[in-house]
């Protein structure tokens, strides 16, 4: 259930936007909440008919489930064990019923089919949204430079397609497409026209970014950023209500187009994963099986993350691997097949929309097929080292900047910050044609190999008399004047992109990181590639070139270097390996180059890991203090459960409930005095022998419900967690039986269990808390938050940063 948008508008002053939906929420009570009974419908046999001993007949809470029991508060962790066993019970029930009647059999078949149907819908919806985002972003990016007279809804390329007067040499110039200077001043030449175009470019950029940040601030504060760190946290079992809601989806889709078109240094790939997960979450509400079970819903979200990458890059298999390697916490085989199917449907939908107009799915299709030589692995590894160093530098700088934004006045003015960064970006980007074009176009041009017909500056080599061979591949040629100019411009673009991306990622607009990191790598790669090409041309008699680079042959492909560089930089920032290589060769169609891509990715991961342990998403999770237990981190300290559990030696004893001795009033005062999310149930205060565990939320709901619906329940009524109610004195008020909401099988460890084993149990089973016993007596409790605080202390970090702030 999503909050209405008023509750998302936690306040519209700039200050409230400081951190996602306001950092003032008090999370002291969310010390991970304990589990509930597995199923409220399972125990109808407990003595509901004890009316014989003169006590009015008890209303057993198990006769019908109380609404709200078994659900979770916002900013809490779900209990995977309980959710999975709830689903198994549901499954068992359907399976036994299906043997009884034809109708029940149909129900069981539709239940089995609902998962695949849901995947189909997620794929269709995400594919359609992605197509829309691509088309509108392309159109609005071109709008900054000019407008089409045939119809303002055509972008530059489509406008010139329809024109009959377009020549091949000047295919970018056609009478129907007018730049703003031509429309306003009447000419496109001269300094005045240049200033006019410059002004319009900056104004449009500012307008787009202002709209984006204002919409995010007013309607959906959760729509900012890339969304992948939060989705990782949600998939690990955390609940952030409204993060995947209708408003977030609507606003994120609109503002993503605006943010990309404003020319800021950001991509749309990360946010598309968030958009796809929103689709998955919203569509889950159509199916009871997924609506009522948080663990099942997370399986759908894992598949939706795969769909997001599939539509962002047109790389369905890369998407499935990305979900498996980077975002998912729990990824059973069934989810793998479903992700595969959903990614396929989404890619098919996107292909039928055909947003790039080239009837290809992929963003940057390359057509070079010249073989690479073994010695070229040396520059490829160098690119890998560059990617690793840049990745580690970027993470450090970006986290330092984001921390500054959180702790200083800067964070109070998100709108001004976005406008300022946009203004700087637009002013610096316009003069350089490589930064003026959209980042995806830039990467496309850098990946491209020079053929005979290319009109790009990068391909303006001095012409050598070409004996036309059968292939389109041209021999290596000396670089012309234009190539040197292009090299200068690219070097400036490289510095500009490196610096501006650090400040842009993490602002209050939707911002992805894939495309800017790839741009940095592609520019560096192309520069190195052209350098190698000229080296081979002028020194083909050197030992390294002698064997394979005869004069007049095409031996070095600069576009390939750009591709390898892009992979290396993206790998250095995100630390992906397998999925990254697969995404890259699906993206470019360059199957021959898997080995160079693998070499660069591996090198960049090693170098980046040596300089800093975590990738950008893990760093952002840590910065925001989300309760995320990283499965890649090793726990190497020799501590025991009793060192981590609470209460500590100086603390007051653990708050517990006895199974048959407490009245409603005592339990209510215990709830009022403490802020814990659950209480162990023991036989008696003296023996401290454990019976089970009950959750605060369920206790409150059940007592309220009983006061309303059960006659005679007053503050003096006794609460029983035992199976049978002992006979009551004749004139006592009727007791309240709450065994149904108690978890009878809480996880326990002994006080001497090594902490690394406890951490493993929490990771692999997805627990939210674990009880600590000694000789069968209850000693204390360990929650997920205690573990995270302990790990932070061991790593000499501030343990209080593990609050969702």
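Note: Cβ is positioned from N, Cα and C throughout, glycine not excepted.
Automatic prediction, not curation, is the source of TrEMBL annotations.
From a predicted model like this one, the values you see are computed outputs, not experimental measurements.
The annotation domain 'CBS' is assigned in TrEMBL to 645-711 (among others). Each residue in the domain 'CBS' (645-711) gets a DSSP state, and the totals come to 24 helix, 17 strand, 26 coil.
The domain 'CBS' annotation in TrEMBL covers 742-799 (among others).
Feature annotation from TrEMBL assigns region 'Disordered' to 28-47.
Residues 253, 256-257, 260, 268, 272, 275-276, 279-280, 283-284, 286-287, 289-290, 300, 303-304, 307-308, 311-312, 334, 338, 341-350, 353-355 of the same chain, all 6+ positions outside the transmembrane segment (113-133), place their C-beta atoms under 8 angstroms from a C-beta of that stretch. Here TrEMBL flags 113-133 (among others) as transmembrane segment.
Look at TrEMBL and you will find 198-223 (among others) tagged as transmembrane segment. Using a Cβ-Cβ cut-off under 8 Å and counting only residues 6 or more beyond its ends in the same chain, the transmembrane segment (198-223) has close neighbours at 5, 8-10, 12, 14, 17, 20-21, 140, 143-145, 180-181, 184, 230, 240, 242-243, 245, 247-248, 250-252, 254-255, 258-259, 261-264, 414-415, 418-419, 422-423, 425-427, 430, 436, 507-510.
Look at TrEMBL and you will find 244-266 (among others) tagged as transmembrane segment.
Annotated transmembrane segment per TrEMBL: 272-288 (among others), in sequence order.
Among the features that TrEMBL reports, transmembrane segment is placed at 300-324 (among others). Within the same chain, residues 115, 118-119, 122-123, 126-127, 129-131, 231, 234-235, 244, 268-269, 272-277, 279-281, 283-284, 290, 330-331, 335-336, 338-340, 342-344, 346-347, 349-351, 360-363, 512, 514, 576, 578-580, 582-584, 586-587 sit at least 6 positions outside the transmembrane segment (300-324) and bring their C-beta atoms closer than 8 Å to a C-beta of that stretch.
Under the heading transmembrane segment, TrEMBL lists 374-399 (among others).
Per TrEMBL, the feature transmembrane segment maps to 411-430 (among others).
Same-chain residues lying 6 or more positions outside the transmembrane segment (486-507) and placing a CB less than 8 Å from one of its CB atoms are 213, 224-226, 264-266, 390, 394, 397-398, 401-402, 405, 414, 417-418, 421, 424-425, 428-429, 432-435, 442, 457-458, 460, 513, 516-517, 519-520, 523-524, 526-527, 530, 616, 620. What TrEMBL records for 486-507 (among others) is transmembrane segment.
The transmembrane segment feature in TrEMBL is assigned to 513-532 (among others).
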Contact count check, CB pairs under 8 angstroms to the transmembrane segment (374-399), set 272-288, 411-430, 513-532; argmax is 513-532
Here the mean pLDDT of the domain 'CBS' (742-799) is 90
For the transmembrane segment (272-288), the distant same-chain contacts (Cβ-Cβ under 8 Å, at least six residues beyond its ends) come to 114, 118, 121-122, 125-126, 129-130, 133, 226-228, 230-231, 234, 244-246, 248-249, 252-253, 256, 297, 300-301, 303-305, 307-309, 311-312, 327, 346, 510, 512
Across the domain 'CBS' (742-799), DSSP labelling yields 23 helix, 18 strand, 17 coil
